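Notes follow once the structure below has been shown.
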Amino acid sequence: MDIPMTSPTSTPPHLVIAGGGTGGHLFPGVAVAQAFERLAPGARVTFVGTERGIEARVVPGLGYDLERVDVVGLKGSGALGVMRGLSRLPRSGLQARSIIKRLAPSVVVSVGGYAAGPITLAASLSGVPTALMEQNAIPGLTNKLLARVVTHAFLTFEESAPHLGGVSFSVPGNPVREELLKLAQTFAYEAPAAEGPFRVLIVGGSGGAGSFNEHLPGWFKAMGDLQTRLEVRHQAGRNRAEAVRPRYEGFGGQVQVEEFIDDMAEAYRWCDLLICRAGATTIAEVLNLGLPAIYVPFPQAADDHQRFNARSVVEAGAGVMLNDAELGSERAVNLLSGLMRNPESLLRIATAARRIGRPDAAETIAARLLAMAGKDLP
Ligand SMILES: CC(=O)N[C@H]1[C@@H](OP(=O)(O)OP(=O)(O)OC[C@H]2O[C@@H](n3ccc(=O)[nH]c3=O)[C@H](O)[C@@H]2O)O[C@H](CO)[C@@H](O)[C@@H]1O
């Protein structure tokens, strides 16, 4: 692979992870940060994001430094939003240049999201080796633009390559955080007993899903006698749990509604089935653990990328797809009843999922970033 390498040096490498905004962008960056430190003990990792992004809540707790840039999105934010975004570009460009000068990183990787743009561009203009990680089958706007300046793209889906011009690329998969990889090493999905409790984990991406909050309580209440077997853990999104709880009134099973799940490893271990969006990072985690999932792509996702994310998974028999418009429909009720009555089908899906997980993605990417930084592996 034609990744330019600088000559090995003895100072510890400094990796900058640029971007974030959502968990789907940030957590693959965390996974690479953890792998980078495993491969190069003493290495420094700094995240650069925005004050509004999930990184502002998560990164300091993980013990990494976080720098903030003032940047807002352009795509899908209306004429006024585009104007506002454009007006801040010169300012974020200057901020980015000064951050890169001060941090003097050995290598910078974009994980996508708006903050990735100015930082990765500033690094590239300063001669710092740069790369991008694209989680989705159809890349986001920032990474599409950055593909013109970075030297390498790490992809989850090969089908995203044609959207990224002629950039050199590899397809290591979407990296998964250390705690989930550790769980995957000892975890083996066991299908629930045909008559026993049936645990459903609902995850609407890092921000929750409005239509899950609206339609899932009704779906479960339409499950007839099977309701009494259902134990539901419903992640509703920040400041949305209060509105969701009353919608479960009259439900014959057990339910717990939460805003955000900090310990995803524990939640994944607990469940018999996931009902989730088709965000690329959730998919990567579910495949690594080998869990059965019903994927409901977010219909408003840019370029419908979630549908494309889920497509190859479903084609491999490693998950089931349901349209957002079908939540709570007769098809949805029949689908869930069928899975509850047929544990072997859940096990089949879980086994197929596990087969296409990519547990080495983080280490593969980290090793290549180290090489780009001019560091030999110990
Ligand atoms: C609405 C939207 O456009 N979402 C995009 C966003 O991801 P978004 O953050 O919505 O979703 P993803 O499913 O990719 O990732 C969610 C991440 O957050 C974690 N998590 C989630 C809920 C929770 O309570 N606790 C928790 O820790 C999950 O374990 C996972 O690591 O970026 C992804 C990666 O580019 C895209 O594929 C998604 O389409």
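Even glycines carry a Cβ here, placed using N, Cα and C.
Taken from TrEMBL, the feature UDP-N-acetyl-alpha-D-glucosamine binding site covers THR22, GLY23, GLY24, ASN136, ARG177, SER206, ILE261, GLN306. In sequence order, PHE27, VAL30, ALA31, GLN34, GLU285 make up the list of same-chain residues 6 or more apart from ARG177 (UDP-N-acetyl-alpha-D-glucosamine binding site) whose Cβ falls under 8 Å from its Cβ.
According to TrEMBL, the domain 'Glycosyltransferase family 28 N-terminal' annotation covers 16-154.
The feature domain 'Glycosyl transferase family 28 C-terminal' is assigned by TrEMBL to 200-364.
If you draw a 10 Å sphere around the CB of ILE261 (UDP-N-acetyl-alpha-D-glucosamine binding site), it holds 15 other CB atoms from the protein chains shown. Each of the binding-site residues GLY23, GLY24 was assessed for Cβ neighbours inside 10 Å, and the highest tally belongs to GLY24.
Take the CB of SER206 (UDP-N-acetyl-alpha-D-glucosamine binding site) and look out to 10 A: across all protein chains shown you find 23 other CB atoms.
Cβ neighbours within 10 Å of THR22 (UDP-N-acetyl-alpha-D-glucosamine binding site), excluding its own Cβ and spanning all shown chains: 18.
All protein chains included, ASN136 (UDP-N-acetyl-alpha-D-glucosamine binding site) registers 29 other Cβ atoms within 10 Å of its own Cβ. The Cβ neighbour count for GLN306 (UDP-N-acetyl-alpha-D-glucosamine binding site), using a 10 Å radius and every protein chain shown, is 29.
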